[in-house]
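Undergrad: Attaching a single structure in structure tokens format; questions to follow.
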Amino acid sequence: MGAKNNVTEFVLFGLFESREMQHTCFVVFFLFHVLTVLGNLLVIITINARKTLKSPMYFFLSQLSFADICYPSTTIPKMIADTFVEHKIISFNGCMTQLFSAHFFGGTEIFLLTAMAYDRYVAICRPLHYTAIMDCRKCGLLAGASWLAGFLHSILQTLLTVQLPFCGPNEIDNFFCDVHPLLKLACADTYMVGLIVVANSGMISLASFFILIISYVIILLNLRSQSSEDRRKAVSTCGSHVITVLLVLMPPMFMYIRPSTTLAADKLIILFNIVMPPLLNPLIYTLRNNDVKNAMRKLFRVKRSLGEK
């Protein structure tokens, strides 16, 4: 297979051909990416700096924030840089690295959200045993398993793609290297590979979605026997998580579970999935969480007092 591969680089089409639109993309996505990195860094620093945010929920939130920094960083900086050049070139090795990284951090994000749903289930449905069940060891295992599962998902996607023969053309109708556009360029029958790719990505998204739905149905049924104050806190916490789950899971479910056709909106859906959840997650989890907001205020007060000295 490898001997037939005479493609050393790929040409990315990007989002728009118009130079004016590309300049607009540069401004918008540069701003979005800076806000994403700063917002998630602020969440990580706040959680690690305040002793009041040491519960498992905030441990998983810091893990999610780290994944949310890394996920768009695999594609957006390259896309921003490409707005300055006419020919958007990426090497074969660079393409495979981008493919692996995007699926690694994107997959890990989904598994972390599943771990967070389990944490909320234990906290609400088994409150008396919560600290015993969700100890440091269990949290570390769940987080480690999420990152390992993301790695296994990504390495399968990458190995399936890298072993394909690419004889030309080498033009990818996308703004980054993803599996489906690359399968169309391979000079071999990719039917079985395509099925495995769909099963790998689509079923992970679908299975995670159903696990999360079942978890929250059980949580809602459990809330009926609790006080109105406990219900309010649980709905506030779980509501943030549900919004994030929908933002993260709906685009890949649409992309991989529907029949394999090319839609003009596909690139925009992928872009939404890469850019918007990492950008919005810090807002979603902080605006609805008084503990995080208070911790951030105290952190800024400490910074201000140190600056005055």
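From the backbone N, Cα and C atoms, a Cβ is placed for every residue, glycine too.
Heads up, here are the entries from Swiss-Prot:
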type	residues	note
TOPO_DOM	1-23	topological domain 'Extracellular'
CARBOHYD	Asn6	N-linked glycosylation site
TRANSMEM	24-47	transmembrane segment
TOPO_DOM	48-55	topological domain 'Cytoplasmic'
TRANSMEM	56-77	transmembrane segment
TOPO_DOM	78-98	topological domain 'Extracellular'
DISULFID	Cys95-Cys187	disulfide bond
TRANSMEM	99-118	transmembrane segment
TOPO_DOM	119-137	topological domain 'Cytoplasmic'
TRANSMEM	138-156	transmembrane segment
TOPO_DOM	157-193	topological domain 'Extracellular'
TRANSMEM	194-217	transmembrane segment
TOPO_DOM	218-233	topological domain 'Cytoplasmic'
TRANSMEM	234-256	transmembrane segment
TOPO_DOM	257-267	topological domain 'Extracellular'
TRANSMEM	268-287	transmembrane segment
TOPO_DOM	288-309	topological domain 'Cytoplasmic'
Undergrad: Given the disulfide-bonded residues Cys95, Cys187, which one is most crowded in terms of C-beta atoms within 10 angstroms?
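TA: Ranked by Cβ atoms within 10 Å, first place goes to Cys95.
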Undergrad: If contact means at least 3 Cβ pairs within less than 8 Å, sequence distance 6 or more, would you call the transmembrane segment (99-118) and the transmembrane segment (194-217) in contact?
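TA: In contact, yes.
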Undergrad: Compare 24-47, 56-77, 194-217, 268-287 by their Cβ pairs under 8 Å to the transmembrane segment (138-156) and return the stretch that comes out on top.
TA: 56-77
Undergrad: Same-chain Cβ contacts of the topological domain 'Cytoplasmic' (48-55) under 8 Å, 6 or more residues past its ends?
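TA: Residues packing against the topological domain 'Cytoplasmic' (48-55) from afar: 62, 291-292, 295, 298-299.
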Undergrad: Is it possible to list how many residues within the topological domain 'Cytoplasmic' (119-137) are helical, extended or coil according to DSSP?
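TA: Split by secondary structure, the topological domain 'Cytoplasmic' (119-137) comes out as 16 helix, 0 strand, 3 coil.
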Undergrad: Within the same chain, where does the topological domain 'Extracellular' (1-23) have neighbours whose Cβ lies under 8 angstroms from its own Cβ atoms, ignoring anything closer than 6 residues to its ends? I mean 6 or more beyond.
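TA: Same-chain residues near the topological domain 'Extracellular' (1-23) but 6 or more away: 79, 82-83, 87-92, 95, 163-168, 170-177, 185, 187-188, 267-268, 271.
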Undergrad: Might you list, by sequence position, any residue in that chain lying six or more from the residue listed as 'N-linked glycosylation site' with a Cβ less than 8 Å away from its Cβ?
TA: Phe166, Cys167, Gly168
Undergrad: List the helix, strand and coil residue totals of the topological domain 'Extracellular' (157-193) as derived from DSSP.
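TA: Here the numbers are 16 helix, 2 strand, 19 coil.
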Undergrad: Where does the residue listed as 'N-linked glycosylation site' sit in the DSSP three-state scheme?
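TA: For the residue listed as 'N-linked glycosylation site' - judged by DSSP and reduced to three states - the answer is coil.
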Undergrad: Residue counts in helix (H, G, I), strand (E, B) and coil for the topological domain 'Extracellular' (1-23), per DSSP?
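TA: Helix, strand, coil within the topological domain 'Extracellular' (1-23): 8 helix, 4 strand, 11 coil.
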Undergrad: By Cβ distance under 8 Å, which residues at least 6 away from the ends of the topological domain 'Cytoplasmic' (119-137) in the same chain are close to it?
TA: 56-57, 60, 215, 218-219, 222-223, 226, 234, 237-238, 241
